[in-house]
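To start, the structure itself, in structure tokens.
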Amino acid sequence: MTAATLFTPSITPQFDKASIDIDVNHHDKTTDIEQMLYDDVDDRNDDFMDEQADNILADTQSLTESVHFRKLQKKLRRQVSWAIRDFNMIEDGDVVMVCVSGGKDSYTLLDILLLLKRIAPIHFDIVAVNLDQKQPGYPEEVLPAYLNEQGIAHYILEKDTYSIVKSVVPEGKTYCSACSRLRRGSLYGFAKQIGATKIALGHHRDDMLATFFLNLFHGGALKSMPPKLLSDDKQNMLIRPLAYVEEKDIIEYSNLKEFPIIPCNLCGSQTNLQRAIINDMLREWDDAHPQRLASIFKAMQNVAPSQLADRELFDFETLSLDRDDNERLFEGDNIQAGQIESLAEIGLPVSPETQIFNPDFANAEKGSRAPKKIPTINPVI
């Protein structure tokens, strides 16, 4: 059973997606009618999940009685569900190891995944894992107390990566890269040790955008954090279920839930972090142009290799003309030729003809399914 099943209720819908022979992962290939049918199924599946979630929340405390909170939780649950479905993140029988740092993102991820586990018609297990990196002043009792109070199965790993990072990173350089590599290596090994099939990280949409611009501005590469990643040794699968979620929604959700947040003193003690500068830029854009970040994130899912300059992604060398034998004249009023002798020397016409509108070519183009677009030069987003 795949991730798509996670969002298909165990009821017989009026419309069966499988009966239409089109690719559900590429909605731009569908007709308007087909898309309406898909949207109808997705809406009814979401409604089913909403009903299950409402039943669960009916017995909870006053916090969930807030209409605003429940709307926000529904929004996050749907966005996480869509990300899991779109990238086939969680399948039946998976053991999902949720990495919990004590920050707002990982708390929110764990909370939403636990809700989905209760209402999904497939079975998957969740285990929370925290890596205590022995940073000075780290309140090591906070996370275990919270996880025990919530009845969440968990492991607390202790490894002094802090001392290693401090010893190998030169003074004045940022710790983030070295810290991340050490942490990732430890979590990879432990996931394999306990048999976890997926490692869930709390990176959200804005993290992915910030990483995109960090690589663009400082790494000379068009790349970001993928929603799903197979490790280089093919031993572990990373997933980012918050890929569609905005940070401001996570902040609000975390505040409403009153998670016991643990700040990262190692990161917070550093100044002039490039990621912090990028995050400030993104926030300014979002304030001034509310749809800009959504447009950029959409662009990350709509890559056109032929319109870039990466020779590995697109074969520019073997591009060749494929013209027909029909002579097509310039449709205009006049053509003025200059340096006629030079034109003649290279075999070009010295007095090319013009023509008025040619209905034959117009009729031929009507059969083309390619949309007619007005060319845009240097569009401003």
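Yeah, the Cβs are placed from backbone N, Cα and C, and that goes for glycine too.
The [4Fe-4S] cluster binding site annotation in Swiss-Prot covers C176, C179, C267, and the record cites sequence analysis as its basis.
Secondary structure of the motif 'PP-loop motif' (101-106) per DSSP (helix as H, G, I; strand as E, B; remaining residues coil): 3 helix, 0 strand, 3 coil. Feature annotation from Swiss-Prot assigns motif 'PP-loop motif' to 101-106; the stated evidence is sequence analysis.
For the motif 'PP-loop motif' (101-106), the predicted model reports an average pLDDT of 96.
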